[in-house]
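One structure is given below, encoded as structure tokens.
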Amino acid sequence: RGRGTRMFSLAWGLYEWYTKKPQIRILVLGLDGAGKTTVLERIKHMFRKDRGGEPGKEADREKELLLALSKISPTVGLNMGRLEMRGVNVVVWDLGGAEGLRSIWDKYYADAHAIVWVVDSADPARFAEAKETLSKVTDEPELEGVPLVVLANKRDLEGSLPAEEVQHAVLCEQRGIQKRRLVRAVSVSGSSGDGVREATVELVDTLKRRIGGVRQGG
């Protein structure tokens, strides 16, 4: 009986989560090693519901997060985060970026309200590959008009380039892209958290304003 009650509570909780508030779905893509999972884990940490409380607890959580980040391995398949922020439910999908894993990306396009394209801003040797891969993504009919945020990640590393240069490098030959969709570039560090909160809040607020006419299915 106790197990049945717990299962019902879980099911009811999920039902409420999916039905009570508008849902925003964000797809995090990029090459392997760009730091997508680190960014996702940082976002989950920043917007967890039980933050705050006892003095020192936040510092302990930060230490736990940094330890977890140091153990992240390349994503094979999918990582997912569910957040409640800014009055909406947010689902974030982080998909593996290795070349052999990119074939699953298109399974998520139809349900995405935004694309976050993560680039290692300290590794310009891979900018050309990032540009070519992003071009294939933005050419997909299912993503027509979907907002794009370019995260120039790892800004804390020596030799990292500013967001404007990263954006130019990965979008320089896609002249029409900014006419067809909202494009934003932001410098962040998933490891330290610099810039992540601001970029996330801005994107979610933008999507809240658009959500009435965009992709209600899924």
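In case you wondered, yes, glycine gets a Cβ from its N, Cα and C as well.
It should be emphasised that the depicted structure is a prediction, and the values quoted were computed from it without experimental measurement.
Non-local neighbourhood of Lys154 (GTP binding site): Gly35, Asp120, Ser121, Ala122, Asp123, Ser160, Ser189, Gly190, Ser191, each in the same chain, at least six residues away, with C-beta under 8 Å from its C-beta. What TrEMBL lists as GTP binding site is Gly30, Leu31, Asp32, Gly33, Ala34, Gly35, Lys36, Thr37, Gly97, Asn153, Lys154, Arg155, Asp156.
Positions annotated as Mg(2+) binding site by TrEMBL: Thr37, Thr75. Neighbour count (other Cβ atoms within 10 Å of the Cβ, all protein chains): 21 for Thr37 (Mg(2+) binding site). In the three-state DSSP classification, Thr37 (Mg(2+) binding site) falls within a helix.
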Maximum Cα-Cα separation in Å among residues Gly30, Leu31, Asp32, Gly33, Ala34, Gly35, Lys36, Thr37, Gly97, Asn153, Lys154, Arg155, Asp156, which the record lists as binding GTP: 22
Thr75 (Mg(2+) binding site), number of other Cβ atoms within 10 Å: 18
Cβ neighbour count within 10 Å of Asp156 (GTP binding site): 17
Binding-site residues compared (Gly30, Gly97) - the one with the fewest other Cβ atoms within 10 Å: Gly97
